[in-house]
Amino acid sequence: MPKRRDIETILVIGSGPIVIGQAAEFDYAGTQACLALKEEGYKVILVNSNPATIMTDTEIADKVYMEPLTLDFVARIIRKERPDAILPTLGGQTGLNLAVELAKAGVLEECGVEILGTKLEAIEKAEDREQFRALMNELGEPVPESAIIHSLEEAYAFVEQIGYPVIVRPAFTLGGTGGGICTNEEELVEIVSTGLKLSPVHQCLLERSIAGYNQIEYEVMRDANDNAIVVCNMENIDPVGIHTGDSIVVAPSQTLSDREYQLLRNASLKIIRALGIEGGCNVQLALDPDSFRYYVIEVNPRVSRSSALASKATGYPIAKLAAKIAVGLTLDEMINPVTGKTYACFEPALDYVVTKIPRFPFDKFESANRRLGTQMKATGEVMSIGRTFEESLLKAVRSLEIGVHHLELNEAKTAADDVMEKRIRKAGDERLFYIAEALRRGVTVETLHEWSQIDRFFLHKIQNIIEMETVLKNHPGDLDVLKKAKGLGFSDAAIAALWNKTERDVYALRRQEGIVPVYKMVDTCAAEFTSETPYYYSTYEEENESIVTEKPSVIVLGSGPIRIGQGIEFDYATVHCVLAIKQAGYEAIIINNNPETVSTDFSTSDKLYFEPLTAEDVMHVIDLEQPVGVIVQFGGQTAINLAAELEARGVRLLGTTLEDLDRAEDRDKFEQALSELGIPKPAGKTAVSVEEAVAIAEEIGYPVLVRPSYVLGGRAMEIVYNREELLHYMEHAVRVNPQHPVLVDRYITGKEVEVDAIADGETVVIPGIMEHIERAGVHSGDSIAVYPPQTLSDDVIAKITDYTVKLARGLHIVGLLNIQFVVAGSDVYVLEVNPRSSRTVPFLSKITGVPMANLATKAILGAKLADMGYETGVCPVRPGVYVKVPVFSFAKLRNVDISLGPEMKSTGEVIGKDVTFEKALYKGLVASGIQIQPHGAVLLTVADKDKEEAVELARRFADIGYQLLATNGTAETLKAAGIPVTVVNKIHSASPNILDVIRQGKAQVVINTLTKGKQPESDGFRIRREVENGIPCLTSLDTARAMLQVLESMTFSTTAMTEGLVRS
């Protein structure tokens, strides 16, 4: 079937901000799809609220709308643009749910818009648990016994029939939100209540738990001609019961016999045909390891996290082909872009093993519940490729950047046997390391299988790794053993530890003896046909397939897995850096290991190496390619942290020199630079012991800001108000010693301002200045940022500009620079300087029109900004107001305090743009998922230090007709100021207490500022956790004040005439 000529304009819905369960894989899919549709000659309109994406760049679609992904705003765009069709299957759950809403609201019918790709009925059949179950029964495909419930009573009735354990899955939610496994009544009540609340249709599926079965996934594609193929099948190492997004996954499956493989393949193809899906689809199945029994778990009728993984694992571009299928092309008429020869209807064949390991945010959230279950908790993932499972697994482990270079974890090493067993029986994010430790202690594979339900095949493979450790230990310096160990994926660091040598010794020995990796190509066809894609992985074999060209090359280091503090913004900068290198006439080579992103799409760079970002793995590529130099500015802290080791090994770093990077990162050198330049910063010193920290704090006066040196995303940063808190911090958050000093600074309450600049050694271009709504002390990544600044005087802006230019020149910055200032009155202090690309680069590039990463790269390669038409200073302000609003994933992470502070907690961001600040902020808040109600009740419970300030806010809430509810202390203050208020009891008092009010939906907004209680049992903590009920809870009065401004601009004030007279 040729492509359709009856449609011209297509609206593509993006997936919005990054949250747990919906990350960068949709930027990758959406970018691919928009480009594919443009390639076929269609006009593409994109709507997405996430400014950090490549897909919202103006060149990706013909028109880009960065507006909230809500029924209201998307309907406006449809009415204005009148597209012929809409493609929702690339926007994740957000896109699917919006399509369903637009159809139900009659907007699509009213404007004559057709849904492309998977039809609405198919989406509903796959997503609605009841319809799906009916279809499976019709097809004779087995599903676990289950019941659809809408209330707790119905849940009890089902459990009485089949008994515990049962799995709860809410309908139409993302990443298993609200779901879980219940083994008793208490868990049933809790999980079912939350699940019903979080499901937009108040419906949950309860099913018999088949936890412990092997979990297998098939990624399938089908076109309108009913051609269907399996792109890739994958096996979860963790058994059923753990969300596939939190599971370690291998492709292709390792434990299936041919009969099992065919059985599940046929079921998957039968299901995609019955659903009539046109495009990509993911089928999840559970297989009983001891018989041929299997169950269908679920189907995702859209591009998903698994399809991004399958695309990168096979090289087969699912999203691109899905978009073309949506406009009528068929698999047998499209060429597979990887080989350039075979058609897309050839099923990919793999001659290597791919391993994906999730990256969890628990290094940021120490108190979070680390147990894994049906609700997803990972923020990102890494992928690695090897010739054997062992090699692939070890490469993935060292890609995670969790401070381990092998299957070894200190906590596991020191754990008592009973603790170890518990950690293996109840899966957490570190289970793999405990299994390795158990094998070292002589626990048998059989016992481990019984504890973990993990297939014996994988346990035997891990045992191979452990046995090799012993061989290495017994044969120090033996070259044959060294060769075998490298073949199993051992890192130099792991071998060095077993041989009591340094990592560089092992590396030197290998080079001298010629024990170095070769690079193999990912070609989708197991080398059956020649392939055109320069996409490589390393392995220890004979033949090298990566050919070095004559053209001078530049290597760019990517930013690795997405985690809190280092998100998709860095991938955005990496991609733009690569494009600029190509424009400058060099060959662009990228090294990265994140399967979700655009940077690891093989069509982005001239060569892609899918490798761990460690000194050893990066050096291997450098040794082969001999580049002009390496760029580390765009890969976040991941790349910056490799700079010193690479330079020590003789690598040329391009852009800002290592010495200058160090001057910005090292506290004492930085202070010296500031005093030479005459730029003020808050008083503070460096401590190398607990006693010293206390002495410094008492000298400069509390409150102080404490943090370790060299961190990203404010890890382990805190504001402490007295000696006791400081001691608690020193004991729990950091291990202070002369190698790891702790910084103690005076905490200044003021406005925080953030600036990004581009410098080439002479010219310093400042695209824009952003003012933060939350005062200093809230991490910049968690603050609402506004451009242009709304309250800064010309004098302050001039100071900020002057300091920025002085710093860029004084630190000899070549490339990008990010500075955070705090403004108190007319004084401007520098808080910190990051000599690299930052989180705000995509946002600023888009709203100011200055292509920051592109200019910075050209400056790094030696071009002058003045020759490109830029001059020193702030660029002219663009019309309009733009806000960047952070988005959090708290509903997925239990036991995490949502209060904002110096430690970053947001996973993503959205943009709001309009003509006034209030309108822009309204859009930003709505896009971030905060429901803004023009009337209702606000519940206030604030710390003593905030009471005075809260009075003015409360009065303004009352003036626009909001009812005020408050706890005792706060209520007294309000009454004293003559403001009417209803008292609500504290948590431990009689009903209706504060939690009842929130749970019954009697408050539309909660404002709760920090009473010092970080522990889960404090009242404030429990109030703030009510985000699980989906009510906006603001923990900073600045955010509340901004929201009030929005509400005031939406409502008319109603005051009686006499009131007006009395007040004046």
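Heads up, the Cβ atoms here are built off N, Cα and C, so glycines get one too.
All protein chains considered, the CB of Arg208 (ATP 1 binding site) has 19 other CB atoms within 10 Å. Sequence annotations record features per position, and here Swiss-Prot assigns ATP 1 binding site to Arg129, Arg169, Gly175, Gly176, Arg208, Ile210, Gly241, Ile242, His243, Gln284, Glu298 based on sequence analysis.
Long-range C-beta contacts of Gln284 (Mn(2+) 1 binding site), restricted to its own chain and to partners at least six residues apart, with a cutoff below 8 Å, comprise Gln215, Ile216, Glu217, Thr244, Val296, Ile297, Glu298, Val299, Asn300. Feature annotation from Swiss-Prot assigns Mn(2+) 1 binding site to Gln284, Glu298.
With a 10 A radius on its CB, Glu298 (ATP 1 binding site) counts 16 other CB atoms from all the protein chains. Here Swiss-Prot flags Gln284, Glu298 as Mg(2+) 1 binding site.
Counted within 10 Å of its Cβ, the other Cβ atoms near Asn300 (Mg(2+) 2 binding site) come to 24, all protein chains included. When secondary structure is read from DSSP and collapsed to three states, Asn300 (Mg(2+) 2 binding site) falls in the strand class. Feature annotation from Swiss-Prot assigns Mg(2+) 2 binding site to Glu298, Asn300.
The Mn(2+) 2 binding site annotation in Swiss-Prot covers Glu298, Asn300 and rests on sequence analysis.
Among the features that Swiss-Prot reports, ATP 2 binding site is placed at Arg707, Arg746, Ile748, Glu752, Gly777, Val778, His779, Ser780, Gln820, Glu832. With a cut-off of 8 Å between CB atoms and residues at least 6 apart in sequence, the same chain places Leu705, Ile719, Tyr747, Thr749, Gly901, Pro902 near Gly777 (ATP 2 binding site), listed in sequence order.
Sequence annotations record features per position, and here Swiss-Prot assigns Mn(2+) 3 binding site to Gln820, Glu832. Around the Cβ of Glu832 (Mn(2+) 3 binding site), 17 further Cβ atoms fall within 10 Å across all displayed protein chains.
Glu832 (Mn(2+) 3 binding site) carries a strand DSSP state (E or B). Taken from Swiss-Prot, the feature Mg(2+) 3 binding site applies to Gln820, Glu832.
The Mg(2+) 4 binding site annotation in Swiss-Prot covers Glu832, Asn834 and rests on sequence analysis.
Sequence annotations record features per position, and here Swiss-Prot assigns Mn(2+) 4 binding site to Glu832, Asn834.
Per Swiss-Prot, domain 'ATP-grasp 1' is recorded for 133-327. In the predicted model, the domain 'ATP-grasp 1' (133-327) has a mean pLDDT of 92.
When the domain 'MGS-like' (930-1064) is classified with DSSP, helix, strand and coil residues number 63 helix, 21 strand, 51 coil. As annotated by Swiss-Prot, domain 'MGS-like' applies to 930-1064.
If you look up Swiss-Prot, you'll see 547-929 marked as region 'Carbamoyl phosphate synthetic domain', on the strength of sequence analysis.
Swiss-Prot lists 930-1064 with the feature region 'Allosteric domain'.
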Counting distance between Cα atoms, which of the binding-site residues Gly175, Gly241, His243 is nearest His779 (ATP 2 binding site)? Gly175
Cβ neighbours within 10 Å, counted over all protein chains: which one of the binding-site residues Gln820, Asn834 has the most? Asn834
Determine, to the nearest whole angstrom, how far the Cα atom of Arg707 (ATP 2 binding site) is from the Cα atom of Glu832 (Mn(2+) 3 binding site). 12
Tell me the coarse DSSP state (helix, strand, coil) of Gly175 (ATP 1 binding site). coil
Going by DSSP, give the three-state secondary structure for Arg707 (ATP 2 binding site). strand
Quick one: largest C-alpha distance among Arg129, Arg169, Gly175, Gly176, Arg208, Ile210, Gly241, Ile242, His243, Gln284, Glu298, binding ATP 1 per the record, in angstrom? 20
What is the one among the binding-site residues Arg129, His243 whose Cβ has the most other Cβ atoms less than or equal to 10 Å away? Arg129
Rounded Cα-Cα span from Ile748 (ATP 2 binding site) to Arg129 (ATP 1 binding site), Å: 53
Listed in sequence order, the residues of the same chain lying six or more positions from Ile748 (ATP 2 binding site) whose CB sits under 8 Å from its CB are Pro682, Ala776, Val822, Ala824, Tyr829
Long-range Cβ list for Gly175 (ATP 1 binding site), cut-off under 8 Å, min separation 6+ in sequence, same chain only, gives Val19, Ile20, Gly21, Gln22, Gln93, His243, Gly245, Gln375, Met376, Lys892
